[in-house]
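Taken from TrEMBL, the feature transmembrane segment covers 14-36, 56-78, 125-149, 155-174, 235-258, 278-297. Summarising the annotation, TrEMBL assigns domain 'ABC transmembrane type-1' to 16-298. Feature annotation from TrEMBL assigns domain 'ABC transporter' to 333-568.
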Amino acid sequence: MKLILHYLKRYKKLLILNIISVFGFALVELGLPTIIANMIDNGVTNQNVEYLYSMWFLAIVISIIGVAGTIVLGYCCAKISTSITRDMRNDIFSHIQTFSPHEFNHFGISSLITRTNNDAFQIQLFVNVILRTALLTPVMVIISVFMTMRTSLELSLIIAATLPVIVVGVIVVAKISEPMSQKQQLSLDRLNRITRENLSGLKVIRAFNNDAYEQARFNQTNDEFTGYTRKIFKLMLLTQPIFYFLMNLVTLVIFYVASHMIDAGTLQVGKLIAFQEYLFHAMFSMMLFCNVFVMYPRAAVSAKRIMSVLSTQSDIKDHVLQTPQSSTFQHHLSFRNVTFAYPDGEEAVLKNISFEAHEGETIAFIGSTGSGKSTLINLIPRFYDISSGEILIDGIDIQDYRIDDLRNKIGFIPQKAMLFTGTIAENLRYGKADATLEELEHAAKVSQSYDFIMEKPKGFDEMITESATNVSGGQRQRLSIARALIRKPEIYIFDDSFSALDYKTDAILRHALKEETQHSIVFIVAQRISTIKDADQIIVLDEGQIVGHGKHKELLQTCPIYHEIALSQLSEEELNYE
Ligand SMILES: Nc1ncnc2c1ncn2[C@@H]1O[C@H](COP(=O)(O)OP(=O)(O)OP(=O)(O)O)[C@@H](O)[C@H]1O
């Protein structure tokens, strides 16, 4: 409720209109029976035509107010409930943008998608119901009960006796449905995760002939989800007929007592008709109100899931409002005794890493898989914060930079080239929104993408499909390099970004890059010796520690691990020649 109230506050004017229209609606629903009762008891019985006409006119006016009230009520409910869900989705989405990989791992991507879409939708349904009924029904119940008491105190006692039964019923239903809703949303998370994995891993599934296994996995989770949903539906469907049955029972008792009262002359027929109408409204409103309580646990579960996303603060925070001015003229980056352990891991993945990188230099990292290369370069844009030590850029600790300023300095080319759905030009402009066509062409030429872009029927306006399936792995890498080049960053980070390129393209590209990056610092993570052998500094990592640091020729002599890697890729002659 706290979450819903927080968003409802933004639509105060519409809420006031909503409340006014609720009263308009109540006026009609409860005013008409009184008018009809008066028409029967005073107009028809006494054959007073003038009285009948005036009541008839009043009934029309009230009906028109009712129609207007109903339309306005519907409009307000729809507008408020859809608007607050839109706001909620926007807030969740922008809050997720601040998350570090640690928070993403904590929630899981599929669950974050479910929370943004499905949970927010549950809240929308609930808000719609409360705006329609939570305000209206108490008003209707109170007024109808008052009117029934005014019409006949004896008959209203029968209603009073059934109220506790209804209240207990509502509490029981709410208690049963809350854990069910929790399980339902969790199984929806699982269903989304399996669907996502299936669709993105389609080729692997087919190659391993595991369609049947995946189908079974999906069916099982789907059945589980359907099971929980069915249980909730059953519970809701069961409550309605029971309630109607109760209402009919009460009506029968009332008619039985009323017939005796009419016989005895203590009740008029018109009053009985009005009483019956009030009773219907009181009971029906009660039922609608119960619906709010039945829906509440489900919405509460969704609200909790959304709140837990919104209240999670990223590990990576801005520590300053403004980035201090650097006093150095040349770009410079240094690691000083950096040690790092992943938030969920106990052991340090990087230990005592120190090195200096200067403007115009290329620093390459090599080492066996899992030695910590990607982890190391992920620390520079602060995807993770270090456990101890310091990372300085231009003499300032990266923690003292505003995160935006820090990341604006960096052109990051990830291990898995990621392109977005849109044209090639749009993808390249992701690096710099206002890049001119000349800038796009230049970056494409340097990254060796220009020729294949020009071969596409629409050139830079060619659409990249979802998951970039219409470009090859190597082309994807080159486009993601072009995207970084457009930014002209101070620091380039290539995380194994040349692996999908053939040796010739790799060599030409690195040569073209040399010119382009002469005023930047370039970090390259690579598996191939040929990619890094010209680097100004090569850092060899093993189990998170630096075990070799120098140039290619030096390392061949001084670092056995480097020598071993080189030997596995180059022949003895090539090594000697190098
Ligand atoms: N998000 C994570 N949480 C916990 N441990 C992680 C995480 N990512 C990587 N690791 C662990 O950190 C160590 C270093 O991984 P990293 O990806 O940096 O290695 P790498 O040298 O880049 O390997 P590769 O060459 O295979 O890409 C590995 O033991 C890995 O299992």
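Using the three backbone atoms N, Cα and C, a Cβ is placed for every residue, glycine included.
If one looks beyond the transmembrane segment (235-258) by at least 6 residues along the same chain, the residues whose Cβ comes under 8 Å of a Cβ in the stretch are 152, 154-155, 158-159, 162, 165-166, 169, 173, 176-177, 180, 267, 272, 275-276, 279-280, 283-284, 287, 290, 294. Sequence-distant contacts of the transmembrane segment (125-149) (same chain, at least 6 residues past either end, Cβ-Cβ under 8 Å): 4, 8, 18-19, 22-23, 25-26, 29-30, 33-34, 73, 76-78, 80-81, 84-85, 155-156, 159, 274-275, 278-279, 281-282, 284-286, 288-289, 291-292, 295-296, 298-299. Long-range Cβ contacts of the transmembrane segment (278-297) within its own chain (Cβ-Cβ under 8 Å, at least 6 residues beyond either end) map to 29-30, 33, 125-126, 129-130, 132-134, 136-138, 140-141, 144-145, 147-148, 151, 159, 163, 166, 169-171, 173-174, 177-178, 181, 235-236, 239-240, 243, 247, 250-251, 254. Averaged over the domain 'ABC transporter' (333-568), the predicted model reaches a pLDDT of 90.
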